[in-house]
Amino acid sequence: MAEIIDGKIVAAEVVEGVKKSAAALAAHGVKPGLAVVIVGEDPASQVYVANKSRTAKECGFLSVQHTLAADTSEADVVALVEALNVDPSIHGILVQLPLPGHIDAGKIIQTIAPDKDVDGFHFINVGKLATGEVDTALVPCTPFGSMLLIERKHGKDLSGLSAVVVGRSNIVGKPMAHLLLAANATVTIAHSRTRDLPALCRTADILVAAVGRPEMVKGDWVKPGATVIDVGINRIPAPEKGEGKSRLVGDVEFASAEKNAGAITPVPGGVGPMTIAMLMANTLVSAHRHAGLEYKGL
Ligand SMILES: Nc1nc(=O)c2c([nH]1)NC[C@@H]1CN(c3ccc(C(=O)N[C@@H](CCC(=O)O)C(=O)O)cc3)C=[N+]21
């Protein structure tokens, strides 16, 4: 049976470090500020938003939330982001995705000042990650947090290890692959058009599932002893818990996968809490950079 990697514990350690560093920043008269912009009400995002503002306050940050009506125009969202870009009290801007269909998410993301882009989605940060300029980049929170869990298990140098990332999104799959590559892993990105996905997954020493399909990765896809990082957060009906009830599952079929894996992240309590912790870490890094200070954390 696999070791269960407890993301809540590692995330709490990260948050503890962020809290201490934020307190030290206060001596320089700097308070990290995080602004979250939400357009409309996406129920799947509510948990995330609540966890995020609670953690930001716990870290001693300024935490500002702008909740806009679902029919807000693209121009109005652009104007808000531009105002936050020049607001000196704000060091991190996160525009909650998905956005309503009439708003071009790409346009909004590219409007965010790259040095406040705590999601790491702006072309500048994507390019820096891809070219190894990580010291001045902001790295996407979910892959960054996943990488921290992988480091706990394998150290910072993944030389000789093969990693398979299932999923090629700009938000998780691609940046995850870049981080693994930067750590010297041999990386394959798999997706819906990959031939014999189970066989490919069985070659992975490190298997990252980020496809958004509930329990798609089965136990017999997992190489014995492999490290499995489950990025999926899927809410599925759970009639056994009562009528209208639901439960969270990952992209990995946990019960079968934990029999083969050497280590595995659960859902909930794995990558999710790490995403929040890294958002705090990125906001702290940004606050340091804006103040001309160096952050020697993480
Ligand atoms: N611009 C943007 N950046 C994001 O990073 C972003 C986003 N938009 N839109 C929504 C998704 C989703 N997301 C989550 C992060 C943590 C948990 C999390 O903490 N999950 C708990 C779930 C706790 C529970 O529901 O019981 C866990 O996995 O343990 C969930 C979801 C970030 N997202």
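Backbone N, Cα and C define each Cβ position, glycine as well.
Because TrEMBL annotations are produced automatically, they should be read as predictions rather than curated entries.
Per TrEMBL, the features are as follows:
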DOMAIN    5-119  domain 'Tetrahydrofolate dehydrogenase/cyclohydrolase catalytic'
DOMAIN    140-290  domain 'Tetrahydrofolate dehydrogenase/cyclohydrolase NAD(P)-binding'
BINDING   GLY167, ARG168, SER169, ILE233  NADP(+) binding site
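A Cβ distance below 6 Å to any atom of ligand 1 is met, among the binding-site residues GLY167, ARG168, ILE233, by ILE233. Across the domain 'Tetrahydrofolate dehydrogenase/cyclohydrolase NAD(P)-binding' (140-290), the model assigns an average pLDDT of 97. With DSSP states grouped into helix (H, G, I), strand (E, B) and coil, the domain 'Tetrahydrofolate dehydrogenase/cyclohydrolase catalytic' (5-119) comes out at 58 helix, 18 strand, 39 coil.
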